[in-house]
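Engineer: A single structure is presented below for examination.
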Amino acid sequence: MDVQRWTYLLVGASFALYLGIAYWSRAGSTKDFYVAGGGVSPLANGMATAADWMSAASFISMAGLISFMGYDGAVYLMGWTGGYVLLALLLAPYLRKFGKFTVPDFVGERYYSQTARQVAVLCALFVSFTYVAGQMRGVGVVFSRFLEVPVDWGVAIGMLIVFFYATLGGMKGITYTQVAQYCVLIFAFMVPAIFISLMMTGNPIPQLGFGDRLSDGTYLLDRLDSLHQELGFAAYTSGSKGLADLFCITAALMVGTAGLPHVIVRFFTVARVRDARLSAGYALVFIAILYTTAPAIGAFARTNLINTVHNQPYDAMPEWFSKWETTGLLTFEDKNGDGRIQYVADANRNELTTFDKDIIVLANPEIARLPNWVVALVAAGGLAAALSTAAGLLLVISASVSHDFIKKMVNPHISERGELWAARISAAVAVLIAGYFGINPPGFVAEVVAFAFGLAASSFFPAILLGIFSRRMNKQGAIAGMLSGLLFTLGYIVYFKFGQTLFGLSPQAVAPARWWFGISPEGAGTLGMLLNFAVSLVVMRLSPPPPAHVQQLVETIRYPRGAGAASGH
Amino acid sequence: MHPNALKAYWRRNLRYVLLLLLLWFLVSFGCGILWAEELNALRLGGFKLGFWFAQQGAIYAFVMLIFVYVGLMNRLDRAYNVHEQAPLAPDRPAGKKRPDPNSPQSPSSPTP
């Protein structure tokens, strides 16, 4: 069978499975819809968290980014895993003890203020929309290649599917669908990695193969370093980013992970406080399997790519090359007219004029000439990753609108049925908006997602952390902190990333040389977070302490005993 | 339970958290970023050590840190008798302002 048929078969079969699960576990109540009835086992919750959170960026973009960035790719690896330590130690158990549906619920009650709740809803919507745009783009990239349709059509197809099962199942449907999606995505990620590791180093474990010897006896990473040197790139195992920038991007991603509403809400779905801690641990195990494999794939793919493409005749390129050329994500221009492809660092001589980082993982099995079913499997895995995250985000968006906004602010007397419908309608609207951003994306998948982390780090994390660990923190401090953190980070990103197109700034004004302390927009979340902490603490000292019942609440969430099921009242 | 015991529980918890976060910082920001250059002089098979920490080692350490914390806290919860008594009733009546019978102020009452 050819790749095309295998793709239809595997993608079709996996979708049938997800839709079946979504239908079987559809939500009957708002509690089912928001927190899956609050009775998910830690293991299943860990797996669902992993799928929810490992997005198109992790599956499709990350290994590709690492293969282009080398050592610097570590910011994504450590950044997107280290946050779980913060989550398990600082947030998850306490938020579970608190026991509400959404993050704005916590902020609203802890800071005894509708304004605080509104600010939190605003932040949640902002973060989730930024994030979901990256996902829809990822879905579009996968569909465009494997169904051979334009990227925009791919996005539209993805929108339709996400719409169907996110609106039907809510959290309950999503949780069990995500367990299935985790299995599909991790299988799809590991199979080609194991194949390639065996082919290149003879070691079946990619994590070890990556530090092993090639058939000629040199270590893979040493070979890669020397190839890079030959072509004029920086050495693969040493980076080119500044220390402050590495530090800030890593910190922004870590703290952002711990502040992402769709990740936090996961810990509301388990039955007990100790389960919340444990399920953060399980989630990280399931995530680590992919995250320790990704850098191996990055190194394998890089070596393979250079060997397959560089200085080879264009006419002799394998089939995958022309297929990606038709998507426009890969272009070749024979600058010196010798009919061969020169892939070098020097932009004037480099003949691979476009090389989208997002295609590395998808093209990798073909570059390594793996069997057709493996190629198709990767497509199914990429879709599982993108769809599971998109669905989780849409749920946060719809919960923010229907629960935090309509029920808590506009119409407190709305019926359960009405609230459920409001949730579904807002999910539908969210899909449309997300689709628009998927078709007109403001950057690469992983970069777009990185911004969402920066915004989460600078808005939610300090407010929640101080809300748990400081009895004295009051609403004035929290609101001022969240707003200043969010606005600062947003301003920094918009200024440096979009300043030229939006405000007609000169290229010099937004050049990396003008970054504060050499910190790129991706690391801005760390600055925003520090600002948030500083503003919160100063404003707190200048304003009265919170009322006694709130201080009592802070006291109560410190002790696990007495954790009830999550409730929306 | 005596409020002092609860204070002691919270202090122990904070001490665990600070210690584990210190290790968290050392393996990632320390070995993976700050000292990566120096550690790269050492090798672990085909890996330069700083590079290995940044792309592999730190992640393994993160997983271990969480499970150590889970273990420590489960023990601490029981030692101070603030652990949850499973199995819980699947749901609680929706009474809004009902005081929590298991809050530290009335630790003797049973779990609903």
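Glycine too: its Cβ is placed from the backbone N, Cα and C atoms.
Pulled these from TrEMBL:
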type	residues	note
TRANSMEM	A:6-24	transmembrane segment
TRANSMEM	A:77-95	transmembrane segment
TRANSMEM	A:116-133	transmembrane segment
TRANSMEM	A:153-170	transmembrane segment
TRANSMEM	A:182-200	transmembrane segment
TRANSMEM	A:243-268	transmembrane segment
TRANSMEM	A:280-301	transmembrane segment
TRANSMEM	A:373-399	transmembrane segment
TRANSMEM	A:420-439	transmembrane segment
TRANSMEM	A:445-466	transmembrane segment
TRANSMEM	A:478-495	transmembrane segment
TRANSMEM	A:515-539	transmembrane segment
Engineer: Give me the stretch from A:116-133, A:182-200, A:243-268 with the greatest number of Cβ pairs under 8 Å to the transmembrane segment (A:373-399).
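Structural biologist: When the Cβ pairs under 8 Å are tallied, A:182-200 comes out ahead.
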Engineer: Do the transmembrane segment (A:280-301) and the transmembrane segment (A:6-24) come close, with at least three CB pairs under 8 A (pairs 6 or more apart in sequence)?
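Structural biologist: Answer no, regions not in contact.
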Engineer: Would you kindly list the residues that approach the transmembrane segment (A:77-95) from elsewhere in its chain, counting only those six or more residues past its ends and only Cβ-Cβ distances under 8 Å?
Structural biologist: 58, 62, 66, 106, 249-258, 263-264, 267-268, 273-274, 276-277, 279-281, 283-284, 287-288, 291, 294-295, 453, 461, 464-465, 468-469, 557-558, 560
Engineer: As a test: from A:6-24, A:116-133, A:182-200, A:478-495, pick the stretch that has the greatest number of Cβ pairs under 8 Å with the transmembrane segment (A:243-268).
Structural biologist: A:116-133
Engineer: For the transmembrane segment (A:116-133), I need the partner stretch with the highest count of C-beta pairs below 8 angstroms, choosing only from A:6-24, A:182-200, A:478-495.
Structural biologist: A:478-495
Engineer: Same chain, outside the transmembrane segment (A:182-200) by at least 6, Cβ under 8 Å from its Cβ: which residues?
Structural biologist: 14, 17, 47-48, 50-51, 54, 59, 206, 209-210, 214-215, 220, 286, 289-290, 293, 296-297, 300-301, 303-304, 364-365, 368, 370, 374, 377-378, 380-382, 384-385, 388
Engineer: In the same chain, who gets a Cβ under 8 Å from the transmembrane segment (A:478-495) while lying at least 6 residues past its ends?
Structural biologist: 107, 110-111, 113, 115-116, 119-120, 122-123, 126, 451, 454-455, 457-460, 462-463, 466-467, 502, 505, 510, 516, 521, 524-525, 527-529, 531-533, 535-536, 539
